[in-house]
Structures are given as C-alpha cells and as structure tokens.
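From TrEMBL, for reference:
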DOMAIN    27-73  domain 'F-box'
REGION    1-27  region 'Disordered'
REPEAT    200-235  repeat 'WD'
Amino acid sequence: MGRKGSPRSPQAEGGSRAASPPPSSSSSPLWALPEELLLLICSYLDAQALGRLGQVCRRLRFFTSRDVLWRRIARGCLNSGFTQLGTDLAAGVPVKERVKVSRNWRHGRCRREILLKWKRNLMPWMELDGEYLYLSQAENIEAYRLCPDSTGLQRHPQAIFSGHQEDVCRFVLVNSHVVSGGGDGNIVLHKIHGSYSVKFSAHEQEVNCVDFQGGLIVSGSRDRTAKVWSLSTGRVGQCLHTVQTEDRVWSIAISPLLSSFVTGTACCGHTSPLRIWDFESGQLLTCLGTDFHRGAGVLDVFYETPSLLLSCGYDTYIRYWDIRTSTRKCVQEWEEPHDSALYCIRSDGNHMIASGSSYYGVVRLWDKRQTRCLQSFHLSSPTSSPVYCLRFSTTHLYAALASALHVLDFTTP
C-alpha cells in the first residue's frame, strides 16, 4: 500500500510544488513560509550549504534538488551544460547532478578507457550527435551508437558513409547531413536518414577543412583557396565564390550569423593567418592579430558566439578573440606549457576549454578565468601521437589519436 503524503520527485524544471511533508515535519515553522520565500532564501546558499540542507530531512532533500536552485551555481561551474547567455544545452539532465560531475572535471577525476583501435596510423576526425559518435576512418565515416549508461560504443558501426577515394580530412555534422572534404579534392554530402548523397570536385588539392550552415558549404584547401558552395535546389555543388588566400588553408568556420566565415591558414606569407571574409561578396572583411610569427599556422577555429571565437595552432597558443572590441589583439591567450603545437580546440560555450596537443596524446582542460592549465591527461604514452580531434559532453570527453579512440568518463572517477 502507498503511504499517504509520500513525496513526488520534482522533475527537471523547478516549477512543481514541493511534496507534502511527513507528519513529523508538518509542524515545523519553516513550511509555513510561502514557497517563493523559501526559494529566495535557498538561492543565497552555495553548493555545499545547499547540499547539507538537503540532508536534514526527506522533504528538504527533494525541495533543494530543484533545478531552479542549482542553475545559478551551475552557470559558474565548468562544463555544466550552460552557455554564457544561460542557454541550457543539456535540458532533461538534473542540474544538481551536472554540478556534481562538474567537480570531477575541475579536479581531473575520471576513468580512462580505449574504445576503438585500428592497425595503421590515421588522422581521424569526429563529431558527437546525441546518441551517436561519428568517426572518420581512412576514406569512410562510421557512425557508432553510444551505449546508454556506460562509456562504451556498440562494436559495429550503425552506418558507414563513403564516397572519397582518399582519406577524409575533416567533416561536419549539421541538420542530419554529413559534409566531408577529402584528400582527393572532393566534397561529399550525405543525408544521415536516407540514401541521398552528392559528390563534387571542389579543389585541385586536398580539402583540409569544411563547414556547413544555412544551405552553404565553405571549404579550404592546400591549393591556397577557400570556396563557397551552394546547396540550393538546382545549384547543388555550384561554386559561388573563390577566395585567393595566398596560403594553405588549415581550418575554416562559418559565423553563427551566416554573414561571414573565418579561415585559418599556414602563415607562410606576410598576412595574418586568421582572416574573416564576407559571404555575399567573398571579399576580405578583417584580419585578426598583427604579431604572428612565420609558420604560426592556425589548425582549428571555433565560434562561441557571432563575436567570440577561439583559435589554436602551431605557435602553441590558444587565443580568445572578441571582434566587437578589437581585431588587432585577442582579449585572452593561454600558452601550452610544454611548447607543443595545438591541433584541436573545443569550448563548452562558457568557462571551459579543452585542447589537444601534438605530442603524447595530451588533452588539457582550461578555465578561462585562470591563466594556467587546469588539468592535463597523457593518453598515448610511451608512444607519441597528436590529438587530432576531441569532443565532449557534460559527462565524457572523446579524443581521437593516430591509432585509437580514447574516452575520459567523468561520472565514475
């Protein structure tokens, strides 16, 4: 038989009313206060105090677990699923649980595991999409289903996307489409759910990088050009603009406003390796930075917002740019402690940055509010390998090295 007045666990949103108290606590003057006042009082507590309050009784445990009380705390934590603007990227996961896991990220507490191995060295790229991980393997892209409630992958890929004659260099996953650039100079587009695919010749040499937004593809190549491609009906694969970068293009990204794109080049000339171009005209809008050394190529760029972006590359620095304030100098920078090139970078959209280094599979976590590296993980010792790509959720970080896919599980240290 069910007990009368047994508490109902609150859901992710803190709008539901607190459960009825057991008879032993019903006489407490605390519960005579309006719920809004109780929420206001609890909003002044930090994570430790709020957790201790929840240990007093069953009713307070449920009351203090409400998302509305933990959101303010979570927005100050690392990788809790909230962006700088407060957007919740992990809706449905209790915020209190995310705050707990965030402590493991900060202190480097995790369980390491190798998910996949392959026999020959590759330069893999990957993307996360909900329950699936997409990984390039030579000329193919394989989709693996993530095992629920564990760190593993299903042994065999759920789907394989092919079409390149040489290795896939990079690919993006946007709106149920996979767009890839390969060493054969081609761009291939696949629709994830269905058999639709398009392939077209894009560059004279390998396509080092691609991005896809709003029905347009941008690509960069070793042939020293960046190109804009249409995917509209009747114009699929038509080149709209060819930008002469006069340098090899290693990385590219479209602005969230869909009005411009940024290229990261090899920095073998006398111009900045970071340049922003107009989508409509293909003309140069601005250069970022003025004091790059020759050879300080930019290997990865990442837009957080339309005005904030991160870059990294051969000069061992992570740079944080705010194009609203200055295009001549970045607003923050962090140096790789061991003077290694930085192959890849990712941000949680708030306080945390993750980077992959060129030696010994070193993954580093950074807090933008600090000047030094927060945590580091050596994944390929004693054999050296770059971290070619990394992606993370609020609970796991995946790193693709030359011969293996590694995972760091921060839920079970």
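Here the Cβ of each residue, glycine as well, is placed from N, Cα and C on the backbone.
Because TrEMBL annotations are produced automatically, they should be read as predictions rather than curated entries.
As the structure is a computational prediction, the values presented were derived from the model and not from experiment.
Please situate the listed features within the shown structure.
Remote same-chain partners of the repeat 'WD' (200-235), defined as residues 6 or more beyond its termini with a Cβ less than 8 Å from a stretch Cβ, comprise 166, 169-172, 174, 177, 179-187, 189, 241-254, 256, 258, 261, 263, 265, 277, 279, 282.
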Over the domain 'F-box' (27-73), work out the mean pLDDT and round it to an integer.
90
Quick one: DSSP breakdown of the repeat 'WD' (200-235) into helix, strand and coil?
0 helix, 21 strand, 15 coil
